[in-house]
Amino acid sequence: MGGELSGNEEAQILPDPAPKQGGWTTFPLIAGTLMGSSIAVSGWANNLIVYMIEIFHVRSIDATQTFNMAAASTSLLPVIAAILADSILGCYSVIWTSSLVSVLGILLIALTAMLEPLRPQPCQNGSGMCPTPSKVQFSVLYSGIALASIGVAGTRFTIAAMGANQFENPKDQRVFFNWFAVTLYTSLVLGATVIVYIEENVSWALGYCLCVAVNVVGLAIFLLGRRYYRHVKPQGSPFTSLARVIVATFLKRKVPLSSRAEDYYHHKDGPMDKRYSMPTKSFGFLNHAALETEGDTKVDGSIAKSWRLCSVQQVEDLKTLLRIFPLLSSGIILCTTLPIKITHRSLMPLQRIGLGHVFNMTGMAVAALVESKRLKFAQIHHVSDHPGSIVPMLVLWLVPQLVLVGVGEAFHYPGQVTLYYQEFPKPLRSTAAAMISVVVGIAYYLSTAVIDLVRTVTTWLPDDINKGRLGNVYLMFAVMQMFNLFYFLICAKCYRYQSPEEGNKSNDESCEAEK
């Protein structure tokens, strides 16, 4: 009929359906963004100390301190980025903004290598006299380092949370975190080898320009995928609701608890969650915050006094944080666990973390043995009597300890990210992914303090390590990990998984904290 359209004509007129959002379709985009950012940061950061010493004539101790500050920033600042992503901006905005800041920072560092006015003149041959950089030169360099550090801090763990947000199934999330770790470490290796080689053997300017280029490519890939991402809207600061639970608990501390589920406030929880229809008994004193009393609610059922009444879900969110913090703190000192029975099931996050720390502790012990062997070679060949000489020992001796530590990190890094992401309250998902970075940052400062203490009270770490006892330091860290074993075991034994899938496989609940 003349008024009807054929199937092909109708298909041409109908608009294209919206692309499917989320799922594995987005993984190449997330991985491309991560690779660009990670190759860039590995390329400029791994050679930063050498660049400052050789080009800017900075003393080695000052260059090391600058690197330490940059490393600390990339470890501690991700939490701020995560809070912004969870509460105000969302992951997408935080990632592209941070990537842009990173590009600007690396560009400033590259300019110091490209433009002579932005770097000091070379040292005079044979005289040992090296010009001191001007304030402007230092300002440009340090500004670049600061911006690049802030940029990578806002990108790496926020993109981990955004990537996990693309999946509904916890199993898919675990697989994602595994591939995320593979992509991350592959990128870091590429930056630390290819880019660093170019900087050392071709030119600093070319190496840093490549860092800028791969970062820009990563940012472009991320922006091009905008229509395919599943965007989770920020819901305001989740920390405010946690604070309300504490205040409401204090205000109602004298109100007796009820054994009836209907006496507790569920209105803001949406559909009734059977797990939370009655508040859990762990940390039972917090249940006062969800107990309804006269005047707490309005006629329509909404909360009248937000700092006096909280929902059961809000109370349980705070309990979850209290349960997981002991496990979080046990990761500051690399911990270990007893042999774990491996079944046909995939390893649960706590098991993976434990296995990772076993490998890490073993790596420290092997490092002590290798150092003992190296020291014997140094004494036999009187290396200390000839400054600048090298111990006649194959570098392959370092392979076993590095492999053990690498395998350990392959277990505990994705294990920790998965655990925190799945177990933290939903409003804190981005913050959860960044918590491992906080652990690394705190551990970084702790190890620095321990080394300073060792240098103060012992002679293990003299300027000439051939006259010291570096092996004792490795053994000391191994012993610290063994002591931390007991703390980790108690925390792991008493912890109960909050996610339904893991809850069915979790360990005994008998140790769950009471009141």
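The backbone N, Cα and C atoms fix where each Cβ goes, and this holds for glycine too.
Residues annotated as region 'Disordered' in TrEMBL: 1-20.
Marked as transmembrane segment by TrEMBL: 29-53 (among others).
Taken from TrEMBL, the feature transmembrane segment covers 65-85 (among others).
TrEMBL lists 92-115 (among others) with the feature transmembrane segment. Residues 33, 37, 40-41, 44, 51, 55-56, 81, 84-85, 137, 140-141, 143-155, 158-159, 162, 203-205, 207-209, 211-212, 215-216, 218-219, 222-223, 226, 229, 231, 430 of the same chain lie 6 or more positions beyond the ends of the transmembrane segment (92-115) yet place their CB under 8 Å from a CB of it.
Listed as Cβ neighbours of the transmembrane segment (141-164) (distance under 8 Å, sequence separation of 6 or more from its ends, same chain) are residues 26-27, 30, 33-34, 37-38, 40-41, 44-45, 48, 52, 56, 66, 70, 73-78, 80-82, 85, 91-92, 94-95, 97-109, 111-112, 118, 133, 173, 176-177, 180, 184, 229, 417, 421, 429-430, 432-434, 436-437. For 141-164 (among others), the entry in TrEMBL reads transmembrane segment.
If you look up TrEMBL, you'll see 176-198 (among others) marked as transmembrane segment. Packing against the transmembrane segment (176-198) from elsewhere in the chain are residues 27, 30-31, 34-35, 37-44, 46-47, 156, 160, 163-164, 166-167, 206-207, 210-211, 409-410, 413-414, 417-418, 421: each is 6 or more residues past its ends and has a CB under 8 Å from a CB in it.
Per TrEMBL, transmembrane segment is recorded for 204-225 (among others). Sequence-distant contacts of the transmembrane segment (204-225) (same chain, at least 6 residues past either end, Cβ-Cβ under 8 Å): 26, 29-30, 32-37, 39-41, 43-44, 47, 51, 55, 95-96, 99-100, 102-103, 106-107, 109-110, 113-114, 191, 195-196, 198.
According to TrEMBL, the transmembrane segment annotation covers 321-340 (among others).
Annotation source TrEMBL lists transmembrane segment at 352-370 (among others).
Summarising the annotation, TrEMBL assigns transmembrane segment to 390-411 (among others).
Residues 68, 71-72, 74-76, 78-79, 81-83, 86, 153, 156-158, 160-161, 164, 238, 328, 331-334, 413, 416-417, 420-421, 423-424, 461, 473, 476 of the same chain, all 6+ positions outside the transmembrane segment (431-451), place their C-beta atoms under 8 angstroms from a C-beta of that stretch. For 431-451 (among others), the entry in TrEMBL reads transmembrane segment.
The transmembrane segment annotation in TrEMBL covers 472-490 (among others).
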Remote residues contacting the transmembrane segment (65-85) - C-beta distance under 8 A, at least 6 residues beyond either end:
41, 45, 48-49, 52, 58, 91, 93-94, 98, 142, 145-146, 148-150, 152-158, 161-162, 234, 237, 239, 430-435, 437-438, 440-441, 444-445, 448
